[in-house]
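Taken verbatim from TrEMBL:
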- 43-303: domain 'G-protein coupled receptors family 1 profile' (DOMAIN)
- 31-57: transmembrane segment (TRANSMEM)
- 69-90: transmembrane segment (TRANSMEM)
- 102-123: transmembrane segment (TRANSMEM)
- 144-167: transmembrane segment (TRANSMEM)
- 187-212: transmembrane segment (TRANSMEM)
- 252-273: transmembrane segment (TRANSMEM)
- 285-306: transmembrane segment (TRANSMEM)
Amino acid sequence: SSSVTNISEHLSCPLGFGHYNAVDICILETVVIVLLTFLIIAGNLTVIFVFHCAPLLHHYTTSYFIQTMAYADLFVGVSCLVPTLSLLHYSTGVHESLTCQVFGYIISVLKSVSMACLACISVDRYLAITKPLSYNQLVTPCRLRICIILIWIYSCLIFLPSFFGWGKPGYHGDIFEWCATSWLTNAYFTGFIVCLLYAPAAFVICFTYFHIFKICRQHTKEINDRRARFPSHEVDAAGETGHSPDRRYAMVLFRITSVFYVLWLPYIIYFLLESSRVLENPALSFLTTWLAISNSFCNCVIYSLSNSVFRLGLRRLSETICSSC
């Protein structure tokens with residue numbers, strides 16, 4: 001149809017090997033982007049409403065970072081409306097370069113906020129387990145708010161050089177033709193991002209979770225030894241009130257972190273290879289980009305499946321909506 005042809009004319013569809021294949025690929029890309037946009041917005045709105053409706057979730061200091069991630073992921077979904085509307089309304093390409101730069105910058109900043117929040121969450125859990133007596137004095141609501149403000153400022157500043165022609169902030173894809181053909185990655189800028197964002201966040205997360213599970217494993221071993229020596233109710237009660245809640249909650253956050261890096265690792269690898277001019281494949285560019293962006297929806301699913309308090313809040317929210325209807 002003519003509308004499908006219009007879509008194919010405004011998209012560079014590298015996966016097709018003929019006109020009809022190119023049109024089919026363009027339709028597939030459009031469906032993927034529209035679906036992801038809807039899921040990300042709906043999922044993160046649900047998380048935000050549940051946090052407001054479930055007071056027990058606020059007992060965890062990490063709720064500050066979880067909510068920050070939810071808002072960042074929600075803004076990712078809202079930002080994805082730009083390519084979605086561009087596809088559905090057959091963009092004429094007016095100010096395409098500026099649109100592409102702003103969209104790439106915003107997406108990169110928002111995902112940087114998520115990555116930094118995950119690192120801060122791991123540090124928070126590390127302090128909760130290693131320094132339980134002084135934890136409340138070290139981690140206060142005021143310090144948490146300052147930390148979140150610094151995360152946003154740092155994320156905005158680290159990608160700012162891309163506006164002055166120093167490389168691409170990290171967005172790859174063929175939604176905007178100017179992005180794919182005229183805005184090239186730079187090996188030095190990529191190294192700058194890796195050294196100041198990706199590598200430090202990954203190192204902090206690996207270090208903290210390694211020690212968290214090491215301490216929890218030692219604690220479990222000590223409890224089992226005490227039960228073997230003194231099989232009494234007091235020992236069982238002491239064991240149940242130990243680090244087990246912290247360990248369970250750490251496991252939930254560890255799942256979120258693991259899925260984040262699993263989905264983002266192909267994107268980061270391709271980012272490095274393309275910046276080094278080792279590999280340049282538009283199909284891989286599109287797949288790795290939107291696989292990474294899909295993480296904004298996966299966080300909602302993991303948290304809702306893994307946290308019992310969150311599930312309770314979600315059920316209460318659903319009952320409230322159903323009763324009002």
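Yeah, the Cβs are placed from backbone N, Cα and C, and that goes for glycine too.
Remember, TrEMBL labels are computer predictions, not curated facts.
Mean pLDDT for the domain 'G-protein coupled receptors family 1 profile' (43-303) in the predicted structure: 79.
For the transmembrane segment (252-273), the most Cβ-contacting stretch among 31-57, 187-212, 285-306 is 285-306 (pairs under 8 Å). Counting only same-chain residues 6+ beyond the ends of the transmembrane segment (102-123), those with a CB under 8 A from a CB of the stretch are 62, 65-66, 68-69, 72-73, 75-76, 79, 82-83, 147-148, 151-152, 154-156, 158-160, 162-163, 168-171, 176, 179, 183, 197-198, 200-201, 204-205, 208-209, 212, 253, 256-257, 260, 264, 292-293, 295-296, 299. Same-chain residues lying 6 or more positions outside the transmembrane segment (187-212) and placing a CB less than 8 Å from one of its CB atoms are 112, 115-116, 118-119, 122-123, 125-126, 129-130, 158-159, 161-162, 166-170, 247, 250, 254, 257, 261, 268, 271-272, 275-277.
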